[in-house]
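The domain 'FAD-binding PCMH-type' annotation in TrEMBL covers 184-369. Here TrEMBL flags 212-219, 292, 302-306, 315, 359, 377 as FAD binding site. What TrEMBL records for 723, 742, 856 is Mo-molybdopterin binding site. The substrate binding site feature in TrEMBL is assigned to 746, 824, 858. Taken from TrEMBL, the feature active site, proton acceptor covers 1167.
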């Protein structure tokens, strides 16, 4: 410990510290002195967006993107922040940027020259344009109005780098001396930003437990999601001694504050300059950094920060250990000690670092000739995802008596223990062994002893993760052999078929093709018009519910949620919450002024749980406070005592216990299933079970509502992010636009609005509620998981004769829309296939999970996925391709469906035939077979999948709509309709229809021609009504569940998709090479929007079948607390990224068809394409069949969705997987 006292240390450096933080936001100067939050982040000002930060340390300016949600506002002091609003706006140009200046810049703190004249912040030259008034800019809001001036491109420092389309870097920041910062926050929090190493050590001596931060990517998560509290924060981003990047004789010296992006750039330079035998470690680290988080994180996250957080899944720590890296550690007395990376990690999140020490640097040694280093990482998703298992491996071999002997070896795994784990027994065994294939079997056995996960280890997927440890070593072994061969030291290289095991994946540039014909009707219908809100969205100007300006005295709400799956509430203690800063009130069931029960169909759900909670995440109460953060903090302090009750946590448990929602058992019958099975007509009968996983809606804007009382509380007004304003039962409910819904905001938004309304009504004050992402995912329900049990009879020719199908869906703890979801699933259980004898039974399970709800497709995709599974099962039994079986059994025009509806205007055969030609299916199959024959460890697969989606609501009364059209005397036209814009383009299409109907151009509904305006004026003068009300009911629809017959759908939308994928059989990785889609949309009102819906729906469907897995605390996941959702955020739940878009993506609209039943012969497009994403699942399964064939396994196997790397790898059975599971192993799934 340093000899100076804390007071002496602070006094000694007092003159060097500043308490003023200066930043520029879109060229507007701001001074931060009194933050609004103890740990302020740009999120509070800029929202959840990526910021471009311009920082000048050396010329020229450095641009880098950061995440607003993680960057403390103080961390960007001295920098120029450019938000999406600073890029441009739709009035000037979506991508045109102007320099901005503000009168508030000219204040006493502005830079001045030697004569005392102000220096213009825009030009850097002396000027007299400043405002002489004494203005305190520090008190101005970051959102204050600014005065815009003309573009200015002059800059005395470097005028050549700016143009009128670029925001200049503020000269004040270029000329300003960088100062150490000492700033205060609420609750005694202190923020320090030293600029010298000695200052860091002084601070560490004063505050041994202070948290050192660089990018805040770890501390930000801890404070935001784990309620961690740190009183002293030391930002070391400006300490030069910690930013060293130097090449020395013993290796590369990497300062602990060096960002990962800086390290990437430096390693690229090193690899070009050094001898090839020295850089194996450098190459491994560089390759690992490519998949380390995202660009915004790598730009700010530091090497030292990643090391010292000691995450068990750190991608770099196993590599530091394997490469023999050493860490230099500095104490407050300037003493340096060195420790090997292998000895640095002591336990879970514990390292060999004393409170008075800091990590100074990392020394990455050069590799020697015949020394090889390789990195490994396997995640759910390739891009921007945390590792499931990672590893670093190094081997040094030397030649002795004609053999290559292992002189030194290091094998380290991450993601398998609390710390990176060395395979010590394996390393000892391998040392002095001959490097050849003979060592593999014994090495595998020793690795299995060294690295063995327990059955219920945190993270689950035990069999998969164990197999990866062996797969990684096998890959490393092949990698070394290949390197020795290409460098000329070994004559025999890898067999050609094995080269695929070591090929690294590099994504080529993708290609998209859209094919459609223009069928123009009137002035606008049929044209590929751009979405009316698109320019607002790309410039960040589009306003959503959370952007709504709040009224004065608005309070913010946070929910008090159940932490038990099923329990009786014994008592609620709010004493700590009431003493929390900013607390205003807590409202429970007793405070509800009306009925406490709600529900869209059956009122079986309480707004606030009164006596018993039936799921984790059920609302018990709502806390309101002066800020969002204070409301959350107070809600977390409400203590609830429970008496736990037995819980039902899966469909299988519900079926076994007879736990069903009342009156939900349904049945549809056609023909006589039992008689067909026993008649002998069926040459073959198969039985099976399909488990269908759920899916999170993951809309971009979470559930959000702003509620305020009117007329002394007699009325409640609301702005809500909802798909169904009418379901909120409020006097006035407005919805401008919502940031995605997909069904998740159809009914589930109402209960959150109701909870906020109770608080607003009782307090007579506005209340705003915005759910955090984790709370949203935990409480709002998802796509229903399904269990399907089938029995299918068919002939040897492949003709389907009978289907007996039992369907169960997971309704959760309230009925919500689970019954109509089940009904639509039953209607779609045939997909497009002719089944003479069919019986479909369905029932909704009551479980102790949050109520599941509507999702794009509304049960149809789940049922069709089950159908495609038993079709594949048939094909496997008959040893024929699934496509042949499908074609043989297509429904034809005039076919009577199993619910009595006559099939009319069927185009499935036309769609299918056009797709076969478009994708050249026969040649594609030949190419895949050829590839698979030549590659042992990578396999390709293809599949074609059809769909038939019924268009109409299941409930007859919902098939109605109205509109009000008004023509104004200035020639403009206003159309009011009942639809909600959620990105699907309904406003754009309505405008097109209106424009064509009036024969006017589509320019915001304006009658711009003289003739049009004259006509309107003439009508007005003659007192002719210039408004009209339209009302429509869908004809000829209705269904009787007593008889099981009727016409539930007005028409069908048809489509088909082809997909080709490539899988890595050793890791389970995959990518989609090609997708080809053909859809019948009749005569499209807007082909551009419709194709966008097809592409978006397909990718969302791809996520459902191949990426997105919900993991609940159930019997299959005992490492998760019962009833809790583990995958409650983007860190663990992975939606498709840009890299998951198919490399070749073609969408075609069937030409020459119309839909005589609907306006302008168009068809609905939002939901039908979603199921086509399943083509990727079945293409993956086709590739797995090829992998299993290598081991002599040709029979049927189950592949549940999503086909994650775990399911792919464990299905590709080989000698490695057989060490941990049987060939029929089925990874666990929450259903």
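Using N, Cα and C of the backbone, Cβ positions are placed for all residues, glycine too.
Nobody curates TrEMBL annotations by hand; they come from automatic prediction.
Location within the structure of each feature annotated in TrEMBL.
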{"residue": "212", "record": "FAD binding site", "Cβ contacts under 8 Å, 6 or more apart": "200, 234, 235, 236, 304, 305, 308, 358"}
{"residue": "215", "record": "FAD binding site", "Cβ contacts under 8 Å, 6 or more apart": "66, 70, 71, 259, 297, 299, 300, 301, 302, 305"}
{"residue": "218", "record": "FAD binding site", "Cβ contacts under 8 Å, 6 or more apart": "305, 309, 311"}
{"residue": "359", "record": "FAD binding site", "Cβ contacts under 8 Å, 6 or more apart": "256, 304, 307, 308, 327, 328, 329, 330, 353"}
{"residue": "723", "record": "Mo-molybdopterin binding site", "Cβ contacts under 8 Å, 6 or more apart": "738, 741, 743, 745, 746, 749, 980, 982"}
{"residue": "824", "record": "substrate binding site", "Cβ contacts under 8 Å, 6 or more apart": "858, 859, 860, 863, 950, 954"}
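It is 9 Å from the Cα atom of residue 742 (Mo-molybdopterin binding site) to that of the residue listed as 'active site, proton acceptor'.
In this model, the domain 'FAD-binding PCMH-type' (184-369) carries an average pLDDT of 94. A simple way to gauge crowding: the CB of residue 742 (Mo-molybdopterin binding site) has 24 other CB atoms within 10 angstroms, across all the protein chains here.
For the residue listed as 'active site, proton acceptor', the Cβ neighbour count at a 10 Å cut-off comes to 22, with all displayed protein chains included. A Cα-Cα distance of 5 Å separates residue 856 (Mo-molybdopterin binding site) from residue 1167 (active site, proton acceptor). Among the record's substrate binders, 746, 824, 858, no two C-alpha atoms are more than 17 Å apart, and one pair sits at exactly that spread. Residue 746 (substrate binding site) counts 21 other C-beta atoms within 10 Å of its own C-beta, drawing on all protein chains shown. Same-chain neighbours of the substrate site beyond 746, 824, 858, judged by a C-beta within 8 angstroms of the site's C-beta center, are, in sequence order, 743, 817, 820, 821, 854, 855, 857, 859, 954. Apart from 723, 742, 856, the Mo-molybdopterin site neighbourhood in this chain, defined by C-beta within 8 angstroms of the site C-beta centre, holds 697, 699, 740, 741, 743, 744, 745, 746, 854, 855, 982. Of all Cβ atoms in the shown protein chains, 24 besides its own fall within 10 Å of the Cβ of residue 856 (Mo-molybdopterin binding site). Residue 305 (FAD binding site) counts 23 other C-beta atoms within 10 Å of its own C-beta, drawing on all protein chains shown.
Site extent for Mo-molybdopterin: among the recorded binding residues 723, 742, 856, the largest C-alpha separation is 12 Å.
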